[in-house]
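Asks: First the structure, then my questions, so here it is.
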């Protein structure tokens, strides 16, 4: 009888240990980002974006781990997507859609009060490139402003916050140069090199040339002197005969 009781108590101890271990591996009440968004009823397009890019899966997977730093999600409403130029989202490539989804996700949990001290630009899942993906968040304690260089918007409300996952409603879709493919502006072309100025006297005749011309003219006159003298003598002789 005592042996059976000991075996029963040992079995209970093992069951209790297994239950505790199971609970640590899969914490109860872990958040599901798509479920949170779906409950609100106004993020259908954003949910579709997360699912089509499969960005919801790594978020939910990380939230299951006790070591996760959590996530902060800026969720544009369906109206925000409707305000985009017609066909914008459909014109994006698969890579652009992934970057768009990632740009709305911060890989750490940020409570609304932490936006007052956060370092800018804030790193998102799209990367921390301050040129292609600049996300700056500023709070004055009552309002949270977000700017990307292309879009300025505000946090309209807190959809969900549990210390691991924070979801904030925003009224505009966050776009950036890295998403649109514009990148950094190309550097301005260099000005054309200035032509070297000609020396000031390059076009003027040299003194030696002028001197040679003048000297040739001066030395050329004596060659005609004998001819003139002969003509003069002939004229004088003719006049003497006539007289």
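Using the three backbone atoms N, Cα and C, a Cβ is placed for every residue, glycine included.
The model shown is predicted, which means the values in this text are computed figures rather than measured ones.
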Asks: For the feature region 'Disordered' as recorded in TrEMBL, pick the matching range from 152-184, 185-217.
Replies: 185-217
Asks: Looking only at the domain 'FAS1' (30-174), how are its residues distributed among DSSP helix, strand and coil?
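Replies: DSSP composition of the domain 'FAS1' (30-174): 48 helix, 34 strand, 63 coil.
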Asks: Restricting to the domain 'FAS1' (30-174), what is the model's mean pLDDT?
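Replies: Taking every residue of the domain 'FAS1' (30-174) together, the mean pLDDT is 95.
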